[in-house]
Amino acid sequence: ENGLMAYRLENVPLAVHKEAKLLLFQGMQGFENLSCLDRVSAAQLTISLSTEEHNQTIPRQARPQTWHVIYADRYTCQEEELAGVQEDVGFQLTMLNPDSAGNPTDHFSAEEAGLHSFFFLLILAYFVASCIYMQPLWQALYKGGPMHTVLKVLSTALFLQGLSVLLNYIHMAKYARDGVGTPLMGNLAEFCDMVAQVQMLYMLLSLCMGWTLSRGRKSQIKPLQWDSSPTSTALAVGGVVTQGALLIWEQFEDTEHHSYHGYHSVPGLLLMVLRVSLTLVLASVLYQIISAERSTLKRDFYLSFAKVITIGVILCQSISVVILYRLFLSRSLYWEVSSLSSVTLPITMSRSQRGRY
């Protein structure tokens, strides 16, 4: 399939008078050592700027190539100074890559190919998951219980992730038609995704640090609840504030706003270091919890929790949140029964008292 390059001239007579043209190059090795005339003659493709609008087909390449475009006219290689002031030729240039179907008018670059379809399938997956889990989730939230706080956090994070996907899809759908899209939708999608990430991080740090730092003094009657100790709260808030600051810094550093980033900037690299460090900390904490836990059911729960978090980091956050829903809902009844069994009932008799009868 061929690519497409389109230009629009602002002043056609001026461009014709100056014999304006566009020179396209692929390899720029040794370009600086060539003379002006050699550079003009070395162009692989020359496009004359002689009409108001023109679409130029770019020949198909065996593998992806980078095209360099240089403007030239009849005065480009003249060494003597030009008499009088020469007006510049204004033009607008658009280069379009073909998609898998050979259509170059979708306006998606190579790294964005398939995003439109991906977000559509993701929205469909969110809709199907909502239809399946909405009723049991609402019942669990209405009933309360030891998992109530965690389920509320997961619900908010999943809602923000779904909203981010919807806003991205709207932006991509408009971008596929006009090549501009709706930048406001893209920025809102980034914001929702950032808030969801920060909220999930706070939940993980609060749960894991709460389980570890206050294991000896936390009441076993209230498992899986936010820990109120100053140490764990400070660690959770510190991690959240640091990640939030780096995310905002990265948004300002990246001129092309989108929900995915290459992490080539300083805040992006610091964000990667922070996430790797937090991953190691959480893995160490979960290992300590699993090693010290005597209950087989609780140990299985912690192992499942660790596996789901790994899926969220490596594969897909959305899938991991849905699996966490099932995990917490399935274990909620066990935690309630376990909490009830640890309470001393009023009618319980000790062995010494029973020995008297």
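Think of each number as a place in line: the chain as shown, counted from 1.
Positions of Cβ are set from backbone N, Cα and C atoms, glycine also.
Bear in mind that TrEMBL entries carry predicted annotations, made automatically and left uncurated.
If you look up TrEMBL, you'll see 1-79 marked as domain 'GPR180-like N-terminal'.
Taken from TrEMBL, the feature domain 'GPR180/TMEM145 transmembrane' covers 123-311.
According to TrEMBL, the transmembrane segment annotation covers 118-138 (among others).
The transmembrane segment feature in TrEMBL is assigned to 150-170 (among others).
The transmembrane segment annotation in TrEMBL covers 194-213 (among others).
According to TrEMBL, the feature transmembrane segment maps to 269-290 (among others).
Taken from TrEMBL, the feature transmembrane segment applies to 302-327 (among others).
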What does the DSSP secondary structure composition of the domain 'GPR180-like N-terminal' (1-79) look like, as residue counts for helix, strand and coil?
15 helix, 27 strand, 37 coil
Across the domain 'GPR180-like N-terminal' (1-79) the predicted model averages a pLDDT of 82
